[in-house]
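Trainee: Quick one: the structure is below, and I'll ask about it shortly.
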Amino acid sequence: RFIAKPCAITLGIEDSGPRRAQPNAILEKVFTSITKSPDGKRLEGLSKQLDWDVRKIQRWFRHRRNQDKPTTLTKFCESMWRFTFYLSIFFYGIRFLWTAPWFWDTRQCWYNYPFEPLTSRLYYYYILELAFYWSLMFSQFTDIKRKDFLIMFVHHLATIGLITFSYMNNMVRVGTLVLCLHDASDFLLEAAKLANYAKYQRLCDAFFMLFGVVFIVTRLGIYPFWILNTTLFESWELIGPYPSWWLFNGLLVTLQILHIIWSYLIIRTAYKALVRGKVSKDDRSDVESSSEEEDVTSNSTKTVFSTSSNGSNRINGHVASGQWPEE
């Protein structure tokens, strides 16, 4: 409210929502009481009742659905908050772990386990991360429901479960490595979305490409060969098959599966960006293109990248028609 909003206004981001649907009592009643996406049979009935073309009614429902989406200013403020948190917690973690012996030798995570001291810096690092992911868990139900809702829900559950479980079992050393590794790419994604909302397309594309590289290197390279290696093999070697070994590693492997899914989506988006010259529409965009935009895009003799009605574009959100989905 006091920092992000003034920054957005300075960058020329207006607090204007998507195009509002034409007032119509009959369609509004159908939208609020029956369905937000009527099928063909209902569309034909409404067409006869209102003497409207079916395409016009479809367009009305599309505009009405988009009307409830948050504005670009709201999305910018949310992304700026997440960018601030991810960047701050990442540098806090790096500064803390740089002098930690287990950062350089993962076998140190298991020496003298479970009697490893819990320092105040380590404690606050854990509590901040846990609080933030709980906030994401709750806000997911109040935010726009996106196509990757289930994946994100599983991710938040696995993350909260891992943080809580590792804290209760004093596996905080390896836990800090997992947290820091995940924070390494998240702030780059939010930076890309901020640049997109401000309509700095080249900067947006650059941040997204950097995010993609860091994400794939950390989640498909460092994570399995550094983190999973120590939790699956080094821990077994040094302290034996402790009772919670299967549950702990099961949650970590679940995260790895999600990493693979997201990496595929990122690579696909990056490929489209190279083909089209800029980052293109993301599958989890929360705004539907209007039929007018579709007509312009399909009939134009040159490349036209339309702007979605509310300027939105979270993978964890990617770019949509030059716009990023919120996350």
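Cβ atoms here come from the backbone N, Cα and C positions, even for glycine.
Note that the structure is a prediction, hence the values are computed from the model and not measured.
In case it's useful when we look at the structure, here is the feature table from TrEMBL:
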type	residues	note
DNA_BIND	29-72	DNA-binding region
COMPBIAS	301-315	compositional bias 'Polar residues'
DOMAIN	27-71	domain 'Homeobox'
DOMAIN	74-275	domain 'TLC'
REGION	281-327	region 'Disordered'
TRANSMEM	83-103	transmembrane segment
TRANSMEM	123-142	transmembrane segment
TRANSMEM	207-226	transmembrane segment
TRANSMEM	246-267	transmembrane segment
Trainee: Given a Cβ distance threshold of under 8 angstroms, which distant residues of the chain, six or more beyond its ends, lie next to the transmembrane segment (123-142)?
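Mentor: Those are 85, 89, 92-93, 96, 149, 152-153, 156-157, 159-160, 163-164, 167, 172, 175-176, 179, in sequence order.
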Trainee: Mean pLDDT across the DNA-binding region (29-72), rounded to an integer, is what?
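Mentor: Across the residues of the DNA-binding region (29-72) the model's pLDDT averages 80 on the 0 to 100 scale.
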Trainee: By DSSP, how many residues in the domain 'Homeobox' (27-71) are helix, how many strand, and how many coil?
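Mentor: Counting residues per DSSP class in the domain 'Homeobox' (27-71), I get 32 helix, 0 strand, 13 coil.
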